[in-house]
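Notes to accompany the following structure.
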Amino acid sequence: MIAARGAPEIEKAKLRLEIAELQAVLNAKEQQLLELQSTISTGASNGGEPESKQDHQKLSNDDIARYSRQLILPDFGIGGQLKLKNSAVLIVGIGGLGCPAAQYLAGAGCGSLGLVDYDQVERSNLHRQTLHTVARCGLSKAESARIALLELNPHCHITCHASLLNRFNAMDIMHGYDVVLDCSDNVATRYLLNDACVMLGKPLVSGSALKLDGQITVYNYGTQGPCYRCIFPVPPPPEAVTNCGDGGVLGAVTGTIGAMQALEAIKLIVGLGDVLAGRLLIFDGSSCQFRNIRIRSKRANCHVCSDQPLITQLIDYEVFCGMHATDKDNPLQLLEPEQRITVVDYQKSLQDKPHLLLDVRAQAEFEICQLPQAINVPLAQILDGSYLQQLDAQFKSSGFPIVVVCRRGNDSQIAVQHMKNQFPEHFIRDLKGGLHAWTNQIDENFPIY
């Protein structure tokens, strides 16, 4: 019986070893492919400018065969295709918006594409960032997208900028392109791109998507087309900003908006149709309705695009906005140190003692995972006051300490700040770093999302 049980275990061990060896071979092949793509003439450089744009005067037979379905459009034709072939478009952010935008621009025959993204591919990206694959997890998003785009259209020149765009490198990177697409997911980058586009005289196709909703417009186009600062002179407070990582998004929504960004870029290059300048297109995915609303024209006293601008060079946009220029965790600092407790101290001093653990995430997130004994009270119920009386009664009857937790330690700070304003005498603490800190420091098997 012992031998019989041992045989399957040996076989399982052999299979695990074989899988590990195959994975190593796959990783090596991916690296070889990446190196090969870097050397081919249609590949990418990592320099500060797009590949040298050529003045193509005619289309090749391959071009005619490849782009025939758009060549026969009456308002497009040979002239429109040549304009695309001689154009260069910069896409900032190769995520949920940037992937479909890049895919359609490369497919349509855009001559040069610049891809800007500092980040690497992660599993949580794959449901919406459709240029990337499981095999390329850990690879630069710009490099991963380049591989996919060259497979789609090897005639497209692609320049990768695998770095974080900032005030020091933005002008050098952007100046060689005709159109810029803002596919980022943070406020600081939006202001940076806007100001740089105004200073360089380039149109900015701006898209955003969150949950089931999306928006798109074109800034800095035409004599009366506003820039981003005309609409939003002052950035919102950091605690009011929600990105895809915090609020969630459906992949098909980002695909819809990203494809429309590619469409607007093509229209700008070719001179096709009415450009979406001075208008905001709003997409409601829950009802599949589009609304097209008029937005204000240029602001006469705009700090960057007016006749007498106050901003004539790029500034520190992280300081200006009070938040990082990435879509990564953007930790708030709303509380004093004594109003917070680390996950290590919580486990040592409170977890096994009577206390009230409030999880202020939305119910859908609470159902994904939760700490033992946690009670789900969404942040909205604390801010609107509907739970405060019950909380006060619970504290007065038990005297138990109150610890507040959320996903990353931001919403919990907002909740603690609000509750302390109402009940300054109560023992209320924020669990610093939230559930992400719990996974990283206490229990690596606790789900992270």
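Keep in mind that glycine also has a Cβ here, set from the backbone N, Cα and C atoms.
Site annotation (Swiss-Prot): ATP is bound by Gly96, Asp117, Ser124, Asn125, Leu126, His127, Arg128, Asp185, Asn186, and the candidate from Lys141, Lys202, Lys211 recorded at this site is Lys141. Looking at the residues that bind ATP per the record, Gly96, Asp117, Ser124, Asn125, Leu126, His127, Arg128, Lys141, Asp185, Asn186, the two CA atoms farthest apart are separated by 20 Å. It is 24 Å from the Cα atom of Leu126 (ATP binding site) to that of Cys406 (active site, cysteine persulfide intermediate).
When Cα-Cα distances from Arg128 (ATP binding site) are compared across the recorded positions Cys227, Cys230, Cys302, Cys305, Cys406, the shortest belongs to Cys406.
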